[in-house]
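Asker: After the structure tokens below, expect a handful of questions from me.
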Amino acid sequence: MKIGIIGGSGLYNIEGLTDVEEIYLETPFGKPSDAYIHGKLEGKDVYFLPRHGRGHVYLPSEVPYRANIYGFKMLGVDCIISVSAVGSMKEEIKPGDFVIVTQFFDRTKNRPSTFFGNGIVAHIPFDTPTCPLLNEIIYNACVEEGIPVHKEGTYICIEGPQFSTKAESKIYRSWGVDVIGMTNIPEAKLAREAEIPYSSVALATDYDVWKEGEEVNVEKVLETMAKNIENAKRMLKRVIKNIKPEDLENSPARTALVGAIQTKPEYITEEVRKRLELLIKDRI
Ligand SMILES: CSC[C@H]1O[C@H](OP(=O)(O)O)[C@H](O)[C@@H]1O
Ligand SMILES: Nc1ncnc2[nH]cnc12
């Protein structure tokens, strides 16, 4: 079984991998953020990608999300687990808590967010944007490891790179969202278009700025992340140990493109077919 992992702010490597190799890929959408670190853990193949690149060089708006997800498709991963630092938008989600993201609210403005276009049109369902089956496995792994975890939550994705104003933060909170970050959109949309089951584990690092007396800055985020990084690594190890290929057989992601491509096959050019070969070859 092949498991893809995307590490966000503060998670730049996975411990315990054996037979480690670096895989550099070139995709129709350019180069991914970095080499995929491939190794073995618990008898499974793990492919780790640092979202912002080695040394944290890509802004949330600059991360090459399409190349990253297409690269995972080229590697043939069975799922992607994303780990992200987030601000908490609810009193009861405390810094250090994990949230399994089950919904998104998209406030991004400036990112390519689909593999389609330029000669081919598709509309995928996205009502259940993360994989419920993988979410369950991750939730159970957190419980087994004694990690404070919330079983569901809505992640609002802002463009950044600035953190929010107090007015924005209070308005987002009034919308009922649970956590705030800058990266899970378009990552989740692209994973779904690529028919890869995707789950996002959000690690609360701060209370954003809605709360009186709270402030948010990089130092604070990284400090909370560092304190909880062992939990993130234990969660991942436990998920990798527990997960079985058949667990994800019925993931909604696996059939996302069935009936979604609207362009008539005779209008799909050779160039488009080549560009999106891995995604569309069995769907047109
Ligand atoms: C370092 S604070 C802001 C930064 O942290 C989060 O990154 P990631 O989602 O990759 O863990 C947030 O989205 C911002 O990119
Ligand atoms: N408060 C916050 N807003 C946006 N992204 C974040 N990442 C971590 N904390 C954040």
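Counting starts with 1 at the first residue shown.
Glycine is treated like the rest: Cβ placed from N, Cα and C.
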Asker: For the phosphate site that TrEMBL assigns to Ser9, Arg51, His52, Ser84, Ala85, which of the candidates Thr165, Thr183, Thr255 is also assigned?
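Answerer: Same phosphate site in TrEMBL: Thr183.
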Asker: Running a distance check here. Ligand 1 versus the binding-site residues Ser84, Ala85, Asp208: which have CB less than 6 Å from one of its atoms?
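Answerer: Listed by sequence, the hits are Ser84, Ala85.
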Asker: Which binding-site residues from the list Arg51, Ala85, Met182, Asp206, Asp208 come close to ligand 2, meaning a Cβ under 6 Å from one of its atoms?
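Answerer: Among Arg51, Ala85, Met182, Asp206, Asp208, near ligand 2: Ala85, Met182, Asp206, Asp208.
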Asker: Just how many other Cβ atoms lie inside 10 Å of the Cβ on Asp206 (substrate binding site)?
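Answerer: A 10 Å sphere around the Cβ of Asp206 (substrate binding site) contains 21 other Cβ atoms.
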